[in-house]
């Protein structure tokens, strides 16, 4: 993993440690909203509006997904976390949610970040589960939350498809986890050498062929099989068939009999 990829991990922790206490103190700020409804009260009403919630979740998910396509730390990740912070801030100040959803969200993000450096799948699955559960715990309406998350995930998936298909971008995150190197014939790799040049050549059995064994041809040892019959060590044989790595020989005396 390169240096820019590693920077995502500490930056994620720093960002969470900054946002977490601000959002966690939202219940205290709620008292101020009663004294000044023109600001905090209206802000809270706006953030928990049924039409705004799917927008915030979509921006959050889209920001995190687009961040996976960037080679270094960028704006999408910051925007995504900010959108989620506004979502939890609104629900906390409105008294709809407690501190537990925020704890689950932070734990989910941390586990997903750890999955980047400790790939294996389990940590990532648990992290995504905590991430998802945090929204349902914060929701006042489970059906509306499920619908909002469906919109957010659909938009994020479509954005990923567009980035991959249209812009030919690769997810930098998955490139760290998936082996992309390949051996091809263009690079000179051959899985099984086809020894057709051996056809018709005479060799000598170095071992008994029962039916497999070894034949010597011009100082080269070649693994072969007989047609099925036993061939004793020291017998001259003729190469009659090559099928990939399977090389078939026949006792030379059999040809003389024919």
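Glycine residues also receive a Cβ, built from the backbone N, Cα and C atoms like all the rest.
Residues or ranges marked as domain 'NfeD integral membrane' in TrEMBL: 52-165.
Here TrEMBL flags 197-250 as domain 'NfeD-like C-terminal'.
Under the heading transmembrane segment, TrEMBL lists 48-66 (among others).
Positions annotated as transmembrane segment by TrEMBL: 73-90 (among others).
Marked as transmembrane segment by TrEMBL: 96-114 (among others).
Summarising the annotation, TrEMBL assigns transmembrane segment to 121-139 (among others).
Sequence-distant contacts of the transmembrane segment (145-167) (same chain, at least 6 residues past either end, Cβ-Cβ under 8 Å): 53-54, 57-58, 60-62, 64-66, 69, 132, 135-136, 138-139. Under the heading transmembrane segment, TrEMBL lists 145-167 (among others).
Ranked by Cβ pairs under 8 Å to the transmembrane segment (73-90), the stretches 48-66, 96-114, 121-139 are led by 48-66.
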